[in-house]
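Student: Just passing along the structure, written as structure tokens.
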């Protein structure tokens, strides 16, 4: 049942941070009883079993070709109305509502950081991978928390127990602290579980976006909760990652806590975001 009186916290700049999600539970509570919790846990079981290093390499090679469709950023935003994220215990609104809630909350508190507003708008666009024209990938290969592959699965990852059935779990090449990586090698050199984050990063990068590195970091790692919430895998970060993580911590408060029933007038804010898209992206992108 949704809470009728939601206590709120104020973030820097005045953003109101609610204590409860759309369902009246605390955010990212994977144990709370809810009609979605069983589905969320089943999702993570499939995700953790199947996200192996071989699978990730295959997906990056296939989708890195960007040969599926050409469309604008805003056209892609509109496509997200067809997507519901089964891994998210906090949200059952159309995705474009969440994108605009996030972007508008950031815009209010950081009016001069237009790149951050745009990151808020586009951070989840990779979820179009769920749609048939993008390959119709299963939910476990598109959404949910992300994590490195090629090294030990940290115990802070939600529903960690299901990794025991992953083919990499008992592989001595991949099940140590560093695995195939080295101290401070940089997250850019680390393979992440495949999903909408890495896909949108590839789309932005290969289409020559002029967004700053902090924006690309946010897009690529916003679902990497083991890092930015639990502090795991910091031994793999280089100096640039450390600086960019500061922006991701800021962004994540808006990404997570703007998931509410507050509606955004799409047509009213659309001209502003179209101007940002024109500033930082080509008119049409390869996806």
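Note: Cβ is positioned from N, Cα and C throughout, glycine not excepted.
From a predicted model like this one, the values you see are computed outputs, not experimental measurements.
Just lifted these from TrEMBL, have a look:
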type	residues	note
BINDING	28, 85, 86, 87, 127, 144, 145, 222, 223	substrate binding site
BINDING	98, 123, 124, 196, 222, 255	Fe cation binding site
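Show me how these features fit into the shown structure, please.
Tutor: All protein chains considered, the CB of residue 123 (Fe cation binding site) has 25 other CB atoms within 10 Å.
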Student: Would you say which of the binding-site residues 86, 145 has the most Cβ atoms within 10 Å of its own Cβ?
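Tutor: Top count of Cβ atoms within 10 Å goes to 145.
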Student: When the Cα-Cα distance from residue 123 (Fe cation binding site) is computed for each of the binding-site residues 86, 145, 223, which gives the smallest value?
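Tutor: When the Cα distances are compared, 223 comes out closest.
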Student: Between the binding-site residues 127, 222, where is the Cβ count within 10 Å the lowest?
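Tutor: With the binding-site residues 127, 222, fewest surrounding Cβ atoms within 10 Å: 222.
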Student: Reported as an integer number of Å, what is the Cα distance between residue 145 (substrate binding site) and residue 124 (Fe cation binding site)?
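Tutor: Distance (Cα to Cα, whole Å): 13 Å.
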Student: I'm trying to understand the geometry here, so how far is the Cα atom of residue 98 (Fe cation binding site) from the Cα atom of residue 223 (substrate binding site), in Å to the nearest whole number?
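Tutor: About 15 Å separates the two Cα atoms.
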Student: Once the chains shown are all counted, how many other Cβ atoms turn up within 10 Å of the Cβ of residue 124 (Fe cation binding site)?
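Tutor: Neighbour count, Cβ to Cβ under the 10 Å cut-off: 25.
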